[in-house]
Amino acid sequence: MMLLCLPSPLRPICDLRVLNHFIKEARDAEDAMKSCREGCSLSESVTVPQTTVDFEIWEKKNGSEQAQEVQSGLYLLQQALSLLRASVTNTALHSHIDNSLRNLLSINAVLRSLNIQEYTPPASAAELEGTWRVSTATDLLQVHVNFLRGKVHLLLSDAQACQQDVS
């Protein structure tokens with residue numbers, strides 16, 4: 001007799017301690033960059049997401065608009081951190097940047113666990129709204145921390161899949 005095993009759907013990952021761990025590691029990378037003296041510059045300016053949140057506007061957006069904004073920001077950060085990784089020669093920073101990139105992939109997995117639709121990046125970053133450019137590695141890593149603390153935290157803490165069913 002043969003048993004068929006169907007893959008079970010991902011259980012939503014609603015524990016914000018996971019995100020807080022990623023924020024701490026992003027801060028560690030930012031601190032390491034601040035103390036770096038050699039081989040730690042960005043080769044060109046990069047497009048990053050705006051990190052400021054106008055709560056009145058954010059609250060008016062539906063869940064999928066909020067998710068789209070977070071996912072486009074994660075995509076931009078992934079592109080920017082990959083460029084930073086390629087331009088930094090300081091090996092101590094490589095592990096911090098690699099960690100940050102892995103954490104962004106993990107955040108995308110968390111979003112999938114919350115039934116948030118897969119993100120399809122545009123042909124060009126210029127097509128994305130709510131972006132700006134940074135030219136230093138320190139600024140990039142500060143944006144990374146602030147984006148996780150702001151919009152990613154808001155999206156995860158309000159995720160529909162994580163709301164307790166109160167009957």
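Cβ atoms are placed via backbone N, Cα and C, with glycine included.
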Task: Recorded disulfide partner - CYS36, candidates CYS14, CYS40, source TrEMBL - done: CYS40
- [ ] Between CYS36 (disulfide bond) and CYS14 (disulfide bond), find the distance joining the two CA atoms and give it rounded to the nearest Å.
- [x] 35
TODO: Quick one: among the disulfide-bonded residues CYS14, CYS36, CYS40, CYS162, which has the most Cβ atoms sitting within 10 Å of its own Cβ?
DONE: CYS40
TODO: Looking only at C-alpha atoms, tell me how far CYS14 (disulfide bond) is from CYS40 (disulfide bond), rounded to the nearest Å.
DONE: 35
